[in-house]
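A.B. asks: What follows is a single structure, and I will ask about it in a moment.
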Amino acid sequence: QVFKSQLSISSVSDQDAYRAGLRPVSQWKAYGLNGYPGFIFIPNPFLPGCQRHWVKQCLKLYTQKPNVCNLDLHMSPEKTVDLWGQSKEQLRRKGSSKWEPRSLLEKLRWVTLGYHYNWDTKKYSANHHTPFPSDLAFLSEQVAAACGFRGFQAQAGILNYYHFDSSLGIHVDESELDHSRPLLSFSFGQSSIFLLGGLKREEAPTAMFMHSGDIMVMSGFSRLLYHAVPRVLPNPEGTALPLCLDQGLPSDLPVGSVVEHSSDEDWHVCAKYLQSSRINMTIRQVLAEGQKFPEDSGTNGKGQALSEDSHHQENSRAKRHKPN
């Protein structure tokens, strides 16, 4: 059922791959699944130490305003300005007890970037948009080009933050106006089970593991398939963190690298977080080249309603949600 996928090696120079923190595309492994044309699975193509950059960005930088997160539903704007600053000491001191109070970062469920997804209307709109992070856009463009999608534009991102008691209900990503461009998924931290279904909700899915550093690309026929993440699991190596996260960045990063060194202090906080957590970044191109939103495509940013659990649900003993 699994076969090797061909990548477009000539579409990404080794220098651009290095700048994005990736190995040369000629060294990547890529796989497809029979019956799922357009689905590509790339086991960890990141250079040693480079996953740390993206973890830090997801926890320290991308959580900052003007980006939107689930905590905005419950807290005043001034209290969600610096989630990292309010959480780092608590995370640094964190022990192994399940009964310790969670920091704000541990209460984070999702962050939206670029065109901000409206969870209630399931739409994007022209007037609820903030600049997309340039480093993440560059990474996404290189991965898309390697998979045969040159000119991909990273216009929207949904970052999901999972813990061992979290899950993602069955859904299909169809809100983007241009379905000819792929959906890119990046995983960091603990492992998970991913279910890839069919065009109808009731079709039996195929299950697979996602480990730290793995990338999935959903394009073509597979772009509009139902999928879910029913379980988050400890990484199979049996260590607190996956071994691929042990190594720091080399001192000599290439000229123009979008990957930055993390301080030991910052990485210690990130490592504490990841001991019981997983981060997933899904990047999308919303509009085709020259395409615009319909005139009535949504309300302004202030009028947008957000639903915390319509997409990402936490199944804990204390708070159990109905399946999505």
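Each residue, glycine too, has its Cβ placed from N, Cα and C.
Checked TrEMBL, it gives:
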| type | residues | note |
| --- | --- | --- |
| BINDING | HIS171, ASP173, HIS227 | Fe cation binding site |
| COMPBIAS | 308-317 | compositional bias 'Basic and acidic residues' |
| DOMAIN | 150-287 | domain 'Fe2OG dioxygenase' |
| REGION | 290-324 | region 'Disordered' |
A.B. asks: Non-local Cβ contacts of ASP173 (Fe cation binding site) (under 8 Å, 6 or more apart, same chain)?
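C.D. replies: Those within reach of ASP173 (Fe cation binding site), by Cβ under 8 Å and sequence separation of 6 or more, are LEU183, MET218, ARG223, LEU224, THR282, ARG284.
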A.B. asks: Across the domain 'Fe2OG dioxygenase' (150-287), what are the DSSP residue counts per state (helix, strand, coil)?
C.D. replies: 19 helix, 51 strand, 68 coil
A.B. asks: Using a 10 Å cut-off on CB atoms, tell me which of the binding-site residues HIS171, HIS227 is the least crowded.
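C.D. replies: Each of the binding-site residues HIS171, HIS227 was scored by Cβ atoms within 10 Å; lowest is HIS171.
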A.B. asks: Given the Fe cation site residues HIS171, ASP173, HIS227, which other residues of that chain have a Cβ within 8 Å of the mean position of their Cβ atoms, reported in sequence order?
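C.D. replies: Along the chain, the qualifying residues are ILE170, VAL172, LEU225, TYR226, ALA228.
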A.B. asks: How does the model score the domain 'Fe2OG dioxygenase' (150-287) in terms of mean pLDDT?
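C.D. replies: Averaged over the domain 'Fe2OG dioxygenase' (150-287), the predicted model reaches a pLDDT of 94.
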